[in-house]
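The structure appears right after this line, and notes come after that.
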């Protein structure tokens, strides 16, 4: 795997990209990679936006952040755009991943096809359970959490994934940070305290469910009252209750 | 569990809340519930914002969306705010959840403590593997995916969770939608096509990893060049490479 750092111009651009656009770049990359695999050479912003589930104006704006503008009447060169987004996202390097907490979720993450496939090899697993220590999961033997610092330093782990129960998450996080891990993906439903130089992304399944609940409730309320639905034509304040 | 629908005023407000604020409301609710469990009666916006990892101005704005303003010098009444956010998020109803795809991730989701604890009982599990059908996971026997429509209708499932391999996700989604499921949490890395009245939330672990990669790369680039770090004082364009 190539380890070329980003071009200076790309780096300047990377600093200005909004977080939400970074997430969409990752989605475009997945769609574009699929197109490249199928031998597609060029794609219009309309085609790409539809396949990515984003509107075309937003897509063009996102790609303008990275300095990709496409060609009128031709669209974007798929291979050029793939390698450009990969460079911006830092996918031309390998990022060693440690997963801490090898319960059901940790097992799923350790075996997750999406990590090693794109430059995120899982190189270390940790759990507190003595019965698990030494057992290979997805080909990697589980280490004890007391060894987080030593093992992460030795294996040059750059991304730590926390899949422990909530009470253990902060102390696990502290150990990862003391091993020099600067990026943490946290599945435990707690707010982690980290130094300024550490980036935390949270995946909170309870929050996702509650957001869905919000939409279920809104729909149910709308169905129970007069139609004040998503069409934007609803009559504010006119609510009839059975 | 109470099934009172939202007050008309709450419903009007709910329609105007930005999606990102909905997610933060869910986080505030978790923090506030923990405080309530510890017997805390009142909380200032500063305390709550710190515990939730959000800045205080944003917190106050988010709470203003739901019409909660707190009292100067006293702050917010914890119990009142908890029940208000629960009502806005629709958590005063039960939402039956179906999980489709009982691999490692599906197992983790079926056993996930956060779902049943807050009004999201998992009531149906589905897989295509004949060896799994009939086996209970987290107390619920697995059904065959051919029975998605019948089982979801019978058990009044309102939220469907897709944890299948990517190629199966769309057809599973179609079956959930035909059973009247209007909210889908999708873990498969594909863009699902759904009717306008169906809400899809995606949890894409590969995208999360790529966002982290972006930050790792940016930090590494910054460390390799002159300090153009997060302090906003960097000198644009001055890059020294080893």
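Every residue, even glycine, has its Cβ placed from backbone N, Cα and C.
Database features, via TrEMBL:
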type	residues	note
DNA_BIND	B:27-66	DNA-binding region
DOMAIN	B:90-191	domain 'CoA-binding'
BINDING	B:101, B:102, B:103, B:104, B:105, B:106	NAD(+) binding site
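Each of the binding-site residues B:103, B:106 was scored by how many other Cβ atoms lie within 10 Å of its Cβ, and the smallest score goes to B:103. In the three-state DSSP classification, residue B:105 (NAD(+) binding site) falls within a helix. Nonlocal intrachain contacts for the DNA-binding region (B:27-66), taken as residues 6+ away from its ends with a CB within less than 8 angstroms of a stretch CB, comprise 10, 13-14, 16-18, 21, 74-79, 81-82, 84-86, 88-89, 91.
Proximity to chain A (Cβ-Cβ distance under 8 Å) holds for the following binding-site residues out of B:101, B:102, B:103, B:105: B:103, B:105. Broken down by DSSP into helix, strand and coil, the DNA-binding region (B:27-66) contains 29 helix, 2 strand, 9 coil.
Per DSSP, the domain 'CoA-binding' (B:90-191) is made up of 34 helix, 28 strand, 40 coil. Spatially close to residue B:102 (NAD(+) binding site) yet at least six residues away along the chain are B:110, B:125, B:126, B:127, B:129, B:132, B:137, B:142, B:163, judged by Cβ distances under 8 angstroms.
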